[in-house]
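Asks: Encoded as structure tokens, here's the structure I'll be asking about.
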Amino acid sequence: MGSSKSKPKDPSQRRRSLEPPDSTHHGGFPASQTPDETAAPDAHRNPSRSFGTVATEPKLFWGFNTSDTVTSPQRAGALAGGVTTFVALYDYESWTETDLSFKKGERLQIVNNTEGDWWLAHSLTTGQTGYIPSNYVAPSDSIQAEEWYFGKITRRESERLLLNPENPRGTFLVRKSETAKGAYCLSVSDFDNAKGPNVKHYKICKLYSGGFYITSRTQFGSLQQLVAYYSKHADGLCHRLTNVCPTSKPQTQGLAKDAWEIPRESLRLEAKLGQGCFGEVWMGTWNGTTRVAIKTLKPGTMSPEAFLQEAQVMKKLRHEKLVQLYAVVSEEPIYIVIEYMSKGSLLDFLKGEMGKYLRLPQLVDMAAQIASGMAYVERMNYVHRDLRAANILVGENLVCKVADFGLARLIEDNEYTARQGAKFPIKWTAPEAALYGRFTIKSDVWSFGILLTELTTKGRVPYPGMVNREVLDQVERAYRMPCPPECPESLHDLMCQCWRKDPEERPTFKYLQAQLLPACVLEVAE
């Protein structure tokens with residue numbers, strides 16, 4: 001394996017304290033002015049396709065529509081209206097000779113932005129030219145360039161970020177409103193003895209004249225002025241604004257420009273993370289600079305030609321809840337290079353030390369994240385085929401991402417393709433898929449119901465005490481797993497909806513995502 005050139009880069013957090021302001025209150029909200037706390041479903045922010053429009057024969061990760069892809073965080077702006085000068089949102093250290101290193105705050109002249117996710121840029125600070133990741137920059141003097149602006153993140157995602165125990169009261173961010181077109185929302189961390197840590201959401205309204213306000217008696221010419229004012233005065237907010245919400249650097253879209261089929265020597269395997277029937281997973285580095293996870297497949301697991309064809313499509317699927325495919329070594333033994341998720345598989349995480357401290361609200365949130373990723377798969381008219389906790393990866397702050405999408409179809413092992421062989425995941429597979437090979441997004445919904453039992457039981461194997469053949473027989477006779485201990489009936493009811501015999505009667509992932517709001521699931525448990 002290639003030798004290491006430098007210390008691997010780990011995603012760093014950015015945190016900025018605002019000037020210690022005068023905390024004097026200047027009045028409160030009028031009687032009609034209250035925080036915007038209307039519950040909004042954690043629906044995906046791109047237009048979704050109703051199930052009725054899905055083709056009758058969905059292709060597995062094929063024929064995608066790139067206009068429905070998502071990158072996260074959504075900060076970089078397009079070159080619109082002649083804007084060519086951008087500002088760096090994060091530090092970036094070049095990974096290849098053609099990359100351009102830059103520091104946060106550096107101004108960059110964009111030379112060419114027509115080649116996808118890596119733009120050719122010229123630094124106005126260093127005078128050097130090279131390729132930069134487009135999601136690391138934003139147009140100069142734009143709202144996207146503000147550290148506190150988080151764009152199109154959901155209410156739930158803002159709460160996940162703000163409720164980090166390290167954040168002091170008054171930590172905040174500004175995001176686009178999910179419910180009011182053209183409006184923004186100010187989300188602020190708070191604490192009180194009754195609720196404990198919580199987040200308040202305030203709608204920022206826009207004036208016809210172009211100004212902004214939270215309460216109409218105090219208006220501002222820009223969002224920047226609004227943030228500066230409330231950093232000094234609570235003036236009706238739960239607390240004055242203190243710290244910008246920290247966030248990690250986003251993943252770049254790919255390892256570098258044109259880094260797709262890479263030489264095996266550019267990868268260094270450093271620590272074995274796991275082993276399965278078809279290969280191993282390693283933590284490693286690419287090019288001596290970049291932390292990655294590497295899946296190594298045993299020779300004969302799948303056709304290199306079929307894998308490469310499928311991987312060309314899979315790499316273009318982008319959603320914040322799907323693990324990103326970075327690069328491949330296409331000659332056997334096949335290597336699959338993906339983004340590194342620090343906490344490993346969800347199954348191991350649930351069964352490990354950290355799993356003991358997970359409570360129902362956190363488990364429901366993890367389920368909602370998985371449903372969000374699968375709702376994207378659903379919209380794109382694809383099928384996962386092997387959805388279970390072992391194929392979900394966990395990162396910092398309990399972030400969950402769906403992995404291994406599409407690979408199950410390519411496996412050539414007889415013990416797997418026989419569908420009832422020792423390696424086939426019978427206990428997670430819908431009966432029509434296990435018995436007749438009918439894999440659809442609805443069979444993925446069945447698997448998601450099984451995954452919910454893994455979450456609520458902290459990684460227990462489904463159908464305890466039953467062997468695979470018995471599971472198939474019992475399920476065909478209408479047996480369904482009972483409600484797990486300490487699981488609310490409302491959540492078990494959602495599982496049972498996923499396990500309806502008729503695939504067309506099972507819910508969509510879009511519906512499941514909306515139902516997995518803590519308030520919907522927890523009211524019975526509490």
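Glycine is treated like the rest: Cβ placed from N, Cα and C.
In case it's useful when we look at the structure, here is the feature table from Swiss-Prot:
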- D386: active site, proton acceptor (ACT_SITE)
- L273, G274, Q275, G276, C277, F278, G279, E280, V281, K295: ATP binding site (BINDING)
- 7-25: compositional bias 'Basic and acidic residues' (COMPBIAS)
- 81-142: domain 'SH3' (DOMAIN)
- 148-245: domain 'SH2' (DOMAIN)
- 267-517: domain 'Protein kinase' (DOMAIN)
- G2: N-myristoyl glycine (LIPID)
- Y416: phosphotyrosine (MOD_RES)
- 1-52: region 'Disordered' (REGION)
Asks: How big is the Cα-to-Cα gap, in Å, between G279 (ATP binding site) and the residue listed as 'active site, proton acceptor'?
Replies: 16
Asks: By DSSP, what is the split of the domain 'SH3' (81-142) into helix, strand and coil residues?
Replies: 3 helix, 27 strand, 32 coil
Asks: Reported in the order helix, strand, coil, what are the DSSP residue counts of the domain 'SH2' (148-245)?
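Replies: Helix (H, G, I), strand (E, B), coil: 18 helix, 35 strand, 45 coil.
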Asks: Test of understanding: give the count of other CB atoms lying within 10 angstroms of the CB of D386 (active site, proton acceptor).
Replies: 23
Asks: Can you give me the average pLDDT across the domain 'Protein kinase' (267-517), rounded to a whole number?
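Replies: Mean per-residue confidence for the domain 'Protein kinase' (267-517): 86 out of 100.
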Asks: Roughly how many Å separate the Cα of D386 (active site, proton acceptor) from that of Q275 (ATP binding site), to the nearest whole number?
Replies: 17
Asks: Within 10 angstroms of the C-beta of L273 (ATP binding site), what count of other C-beta atoms is obtained when all protein chains are considered?
Replies: 19
